[in-house]
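Okay, structure first, notes after.
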Amino acid sequence: MTISIIQILFALLVISKSQWHSKTQLLYYDKIFTSTPDRYNEFWQYWHFTLSSGSTPANFIDCTTPTTSYITLNNAQATAKYNESCTYDVGDYVSIDLFFHGTWLSQNVQFTIGTFSKTYTYTSPANYPMTTGFCNTIPFEVKTWKFAIPSLQSGYPQFKSLNTNSGQVSIRNFVTSSIFFICYPSCSDCTGPQFNQCTSCYEGTLINNICPSCPSNQYYEKYSGCKDICDIDQSFYSNGFCNRFTNRIIESAQIGNRYSDLQWFELYDPQNIDTSPKLILIKYLFGIFKFNSGFYRFFPQYPLLYWISLILDLKLQLLHLMTFQLIVELRSIYKNVSGIQTHKFKIYQTQLSSSYLTYSSSKTYVLITYFNIPKYPFLFSATGNYTDNTAGWAIQKIEITSGFCHEDCVFCEVSFKCKTCKSGYYFYRDGRCIEDCISPYQRLSGYYCYDYADETPYSQYLVQEYLDLAGDPEQYAKYTLISQNGLNFLRGSDIYYSYWQGFRVFGGPFVWAQAKFQRVHNIINPHHSVTIAFYILYGPSFPSDGKFIYTIESDTPVTKSTAEYYLSDYDGTKQDKVYERVKHNANTLTITWECFGPNNEPIKAYCAYYNYYIAVHNCQPYCLQCSDQSTCTQWNSTYDSNIVQFSQAECQSDQYYDKESIRCLTCPSSCLTCTSQLDCQTCQPTYTQSKLGCFCKVNQYEDSNQCYNCPIECNQCLSSTYCIECLTTNNRKLSNAQCNCIDGYYPIISDPKCQLCHQFCKTCTGPTSDDCLTCNDIPNIEKVGSTCRCPTGMSYQFATQTCSSCHSSCLTCFRTTIDGCLTCNSTLNRLLKGLKCVCAPGYYELSNVCTNCPTTEDPSLSECYKLCNNNQLIWHTITCSSCDTGFQLVSGECQPICGDLQIKGYEQCEDNNTILNDLCYNCQFQCPAYCVTCDSSTTLPCPDVCGDGIITGIEECEDGNTIEYDGCFNCKYQCQPACTMCIKGQCFECATGGWYIDPLITPWQCKEKCGDGLIIGSEQCEDGNTSDTDGCKDCKYFCRIGCSSCDYTTNTCLSCALPGFVPKSYYCQNVCGDGLAVVDPSGVNSEQCDDGNKLSYDGCSSSCQFQCQSITICINCVNNRCEECATGYYLSDKKICIPICGDALIVVGEQCENSSILPYKGCNNCQARCQPSCLTCSTTGLGCLQIIDNLCYSICGDKTITQDEQCDDGNFIIGDGCHLCQFSCQDSCLYCLQGICYNCQEGYQLIQSKCYSICGDGLQKNNEQCDQQIKIQDSIKLNQNCDVNCISCLEGICGLCSQGNYLFKNQCNSNHITVIFVGNDDLNVCGDSKIMDNEECEDNNLNPFDGCYNCECQCDINCVDWLIWKLQGMFSWFFKCGDGIVVPFSNEQCDDDNEGCINCQFKCKPYCSKCDLQYCIQCQIGLLPLDNFCISICGDGIVINEYEECDDSNELPFDGCYECKFQCTLHCQICNKGECLKCNNDYALSNNKCLLNTEQDDLNSFNNNTSYGQNPEWLSLNDDMICRGYECVYSKKPRMKLTYKTQSFALQYVEITFDQEVKFIDEVQKDKNLFNISIKDLDSQYYNIKINSIQDISFDLQHAQYQVQVELFLQLQTKPVLLVQLNQEIINGNNQTLFNSNQSITLQTPKIMSEQLKQVSNYAQQSNKAFMIGAILICIISLVSGESSFVVETLNLLQYQSFLRFINVEYPENLYIYFQAQELLSISSYLQLFQIDDYLNLITRKEKQIDLNGKFQQYNVEADLFTNILPQLIQFLVLVTLLYFAENLYNILFRLIKYLRHLKHQKTLLSKILLQMINLLLIFKNASNL
């Protein structure tokens, strides 16, 4: 009974699918057709109608009212064929609207498809009844033609008019409808949509036309069959079937995607490493994996998933080859004796595949599981567990979705039930969320959107009609026409429908205006209410008195009108919505509709309704009568209240209510309480609750409805004996379903972690060396039983990890030192004392051998004594019979008893045991090897010393370094952080996102996987491609080619290699609009053109691509290049139309047409042009507006620099850098640039950019009255009249004498030792630490015999030769700077602590340029010496910052600077550093001056009495004026500039340039040279001048440049002057001629060498070459003969001579000629000769020579490293070749000697000749050896 109820309920839902649907819908929109077919046009389908033959579009007419087009047939174009094939089934219903116009006389319109043809016969009335509603005012009549297709037809639908008159027919609303039904989901074939209409099944056997359901543990997938689990996109199980449920696809990782393929990583099996490629794109596989290998894939954190759900579902597609067991993270699929099994997985689908590679068969498994998503990035991994290589597996796809929560849901508390929707969404049926609730069958209640069929639990649709264009031919019979008035049914008396905006509506245009209809609906099922809803449509001219009236059953009629419409549309129609829910339980439902109104008409004032729904709200199942959905008043006889329930409240605690079966079903066995099969509320004991239900924990397995813990060593298991996952952190590995300890570890009961074995054991059962199963690979180790140990006589050494031999004195030992013995060899006469094997009594140690002691006592042999009682030592021959307490008699002597807890004799400790390494062994301190100390203060265990090479305590390893990630760090095993399986410091798996393991290096290492989209490790970026143009290459920042400098830390391009580019981000962006058309070397960006702007349609677009100008300018454009221009333009060579200036036509691009010569007067070159100072410039060429003469004039002296001023310093002082607003310097300035002097003429010195004459240089300059060059000493003597030996003289008084003289009475006397510090007799006091004129020394004490006594030199009392001591030793002993004593005849000038004495030397006063000891003789420029100080000179134009604020070289007040202090203009109220900020009242601030307010501007008014010709400012500008009549404008004339460049002996070079772009005037005087160049006052026979053109003057404006080479043949005493005269007339852009065509420049004194001397120099050069060639030949001969030392010396000599020319001294020309011979030794000259240098530059990628200076530049020496190494490389190759040649030559000579002996016995002529030749060669060889 349960199954039948589910099937009945589902049948009620699918019955709606058995209805009419539109199949073809054409020509139903109001749109104008395009004149050209366009598939991208929204209405391209119209143009699928063509004439019956060809592709010519069918005829159509265009209308303006309404705005639309119609396919129209007439006698000229009678056919219209739809050009897409259609298939019509039996019973398909066709509806076509035909608009007839013109004359029709019982003539036909024919429709044809396939073999079916249908005709419509029409006769037109005398006068057509309508002129509106079709096309403009064309008279027409409309008919709806409907018919059914009688048989299956396929083909192209075609219309044809058989009218031979003027009649035309227009076609509209061509709609084909078809009825179809879908079989019940379990039926593979059927006769109808009901569950009991099946004829065959997907699963099971058909019984009574009903297909059986699936077993209880399976799910029915619609139209497929039973599955173990629903597919992830059909996870909602309802009504007995898997239903589509839209969840979010989070990740779909499928092989074959270039980017996704980089995110698959391989897990290697360490025992079976397979590095073969795993991506098999032809099969879309990642595999094949064998043995224990597998893969992993990293999934990033999904923050949006927190909005969706905490449950994910995972879908895998695996291809397995042969049999396998696969472990996938926490879930598994495996095979046992029962077949394929899964653990926490469900097999959704399996599919057999054909053989592949060497595998005989393959099968694809689709696995599905659900799990809780972690709130962090997670890793998915899978590994196999195969035992041989005959089977394998691969992965095809991983798909992850949001599980049981809808894609638009934020949070699901239970499965398939959204608790919180996304913002702006509403709750909807089946736990979903929808974005809006505007469908015609929906109602919004709060935040829940209801369908009409969801208003009660048992609602269903009765009617769903007029929802689209589909037509139901049976609907006509369902409606009854009650009454009608006026015009109705103009389409046909049986046509109750029409079409409107994609809907088929009941009524509508040409149908329903004044009529009443009724319809009776039959309802079979018991119900309690119905919902009726539809949309009302009013025509665009529906009158205000018109009504739409509907009546439900016998209820009060409801009247509607346009006064309360819901929505209006663009065509003027109005809509209203009707929703009624009424009580109803009868079997019939009667509804009437009436369109009422006397002014209604069917064309514009019509009624219609559409979106017609009726939902019946049924009673509960088994109920025959009810009052609502939960109250049944009469049950049928089959109802059993014990079985049928209707809510959760009726269920028991361990049950949940299932609304599909209306039963209470038992919860899953793991749940105590639940609300569904998936959602447990509480769990059975041992189970754990989750959002997926009640489950066993990860480390548990399920058996008999109970969860049991896995064995402690397993992380996951299937049973108590079957592990499926082990943790490497527990030092375990999976083997044969068991988690066994890895080698080197042993298990402990109740502890999951395996412990480390003894270092001797490779495998073990316990911690000691006696618990070994196998031994480690230690040299000399041996295994005895279960013990691994070093052999007898050996001990383990931790440092070398080997078994090494014991000390020679030990039989067995615990260490190899002499104090590490355990037992001794008695045959060697040794016994154990403590930890040493010493000689037995009666023996002593001799050469490491125990030797018999002599019988006679020998005190020197202490070992031959033995200990006896009373602690006495007796000779070994004496018998000892008793011992003291704590001793025992052993071998005849007393030894302490070890173990008696008494420390006696040589004992160090007592612990009464024989355990090693416990601090005391054999009564001696003995500790483990890692203890640093071992004595009574030692406490065990000793602390571990990491780095000592011994593994102890908690240490796991020792590698002797502190390097991280090398396997051992801080004595703990350590792998890289990315390693996920680290075993004993070796990584076997890198299952971390973005990392993969490289098994090809030892040990294995984790490396970054570049291209996987994850930035990790050393990666800087990730773009998933190999392109080097996107800023990332090989996961490192990478600047695009063309970037010359890149900051790779920030991926920022700093500079570009090519002009026309600027750095932008990581690349160089071309600068569109800079005038440079550039090509990006990376190929990303390119410019076809660049016209210096970013304007489009000017020949070059704003993106710098070719683009024609507008059609009015360019009348013929081909490939974006203009070929022909319009009138008024000419075509340039750049294919751009340029206006023709001067043709009296103002066209686009011209602003005016005026031949005015004044560039700023208004129109220049047909462009409106004003001065930059103009505020309002006329755009029509009239000049500057609102100015009397249309020009602006600059005001020189106002400190404002205008365009025609170079500067403006507010004064007219000559030589201050700016004069008359033009840059100027002093006449004495040699090089002036923009008013700043950089070099002065001879006789002047440059100080603060000004030239000052040098007094005393012998050159009398303008401001000097005389200048005689004398020495300073003479000057002092002449001017001050001091003694000749005086070196410090001031005003005739000597202050200091030269060395060897002393000052006395203003004279310098010799032969007396003294140095005067201050020349003042009053200070001559002994003991004042100052040596004065009557003092020999000063030591500031009265001690005799200390070298100085009473200021006289005194020798020691024993001194013999006082004078020698005095002269030779005194001052060296006495001198010490800083002791306050000035020592005579030393380099001390002073010795006191003040700023005037530095390091015992006088320092000049500040600003003093020359000083004589402490006296200033001469001050710096701008200062004057006074009272031994330098004071500033106010008014000299030099600002001394310390003393002066300013210096304007005048004494004028109120000019900004007065008395070298800032001073503002008169009447200034607020002054700041000479600049007036605010004036007094009645004064206005203008150009830093305070002027009385006045309306007259004398400077700029023509009415002023001062004319321009009298204004000094304007006088300086006359030359740069362009005037026409009385109108003038400033425009600077071009000027020719001569620049001295360089001198090379007799050659001098001068450069001729112009300060503007210039060109020739219209005509060139052909009989004249361009320049006349000569030397002033020198005949032309004494010089030669050559002009080299760098940039010629032409008829186009450009910067011209020429180089003049001057060669003088005559040695001159004065500097020659070069005269340059320009003969041709040149102009600038404003047609102004050259300012001065004659210029001159002073050349340097020529360096002339006579021809005779040149000839001698050339002879010397040739001799030098001959010498070098000879030396090289001798070197070769010497090298061949074996004299290599001579070769080295000769080469050194040649090299020294070559280096002489690089000494930084200006050699005369003769030496320069001589040194040219050194080119013979230069490798580069030979490379250039044979044209090899270009190839070397390509190899070395050398683009340009590095700029050098001095001799390196003169001799063109390369600074490139490779170029300088190249000669050495070539010399090496030559040397090797010569050595090889010498060896072969020696062999040849050796053979010649032997052959010579043979020839001596020959008597032929040939033999005699050969004999002589060989003798000559040998003579030459012997001579070379000498």
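Yeah, the Cβs are placed from backbone N, Cα and C, and that goes for glycine too.
TrEMBL entries are annotated by machine, without manual review.
If you look up TrEMBL, you'll see 1-18 marked as signal peptide.
Positions annotated as domain 'EGF-like' by TrEMBL: 404-434 (among others). Across the domain 'EGF-like' (404-434), DSSP assigns 3 helix, 15 strand, 13 coil.
The domain 'EGF-like' annotation in TrEMBL covers 713-755 (among others). Taken as a whole, the domain 'EGF-like' (713-755) shows an average pLDDT of 88 in this prediction.
Under the heading domain 'EGF-like', TrEMBL lists 763-804 (among others). For the domain 'EGF-like' (763-804), the DSSP counts in helix, strand and coil order read 3 helix, 19 strand, 20 coil.
For the domain 'EGF-like' (812-851), the residues of the chain that approach it from at least six positions outside its boundaries are 792-795, 797, 804-806, 861, 863-864, 866, 876-877, 890-893, 895, 906-908, 916, 921-924, 926, 929, judged by C-beta separation under 8 angstroms. Here TrEMBL flags 812-851 (among others) as domain 'EGF-like'.
Panel annotation: around the domain 'EGF-like' (863-895), residues 831, 833, 838-845, 853-855, 857, 902, 904-905 of the same chain, lying at least six beyond its termini, place a Cβ under 8 Å from a Cβ of the stretch. Positions annotated as domain 'EGF-like' by TrEMBL: 863-895 (among others).
Here the domain 'EGF-like' (1099-1138) has long-range neighbours at 1070, 1072-1073, 1077, 1087-1091, 1145, 1147-1149, meaning same-chain residues at least 6 beyond its ends whose C-beta is under 8 angstroms from one of its own. Per TrEMBL, domain 'EGF-like' is recorded for 1099-1138 (among others).
Annotation comment: TrEMBL describes 1220-1252 (among others) as domain 'EGF-like'. Note: the domain 'EGF-like' (1220-1252) comprises 0 helix, 19 strand, 14 coil (DSSP; helix = H, G, I, strand = E, B).
Taken from TrEMBL, the feature domain 'EGF-like' covers 1459-1491 (among others). Counted with DSSP, the domain 'EGF-like' (1459-1491) comes out as 0 helix, 20 strand, 13 coil.
Per TrEMBL, the feature transmembrane segment maps to 1769-1793.
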Open item on the list: If we skip the immediate neighbours and take only residues 6+ beyond the ends of the domain 'EGF-like' (1459-1491), which ones have a Cβ under 8 Å from one of its Cβ atoms?
Closed with: 1195, 1197-1200, 1210, 1432, 1434-1435, 1439, 1443-1447, 1451, 1453
Open item on the list: Same chain only, please: residues at least 6 beyond the ends of the domain 'EGF-like' (713-755) with a C-beta under 8 Å from a C-beta of the stretch. Say none if there are none.
Closed with: 327, 330, 332, 334, 343, 385, 698-699, 701, 703, 761-767, 771, 980-984
TODO: Please list, for the domain 'EGF-like' (713-755), how many residues fall into helix, strand and coil according to DSSP.
DONE: 3 helix, 25 strand, 15 coil
Task: Helix-strand-coil residue split for the domain 'EGF-like' (1099-1138), DSSP-based - done: 0 helix, 17 strand, 23 coil
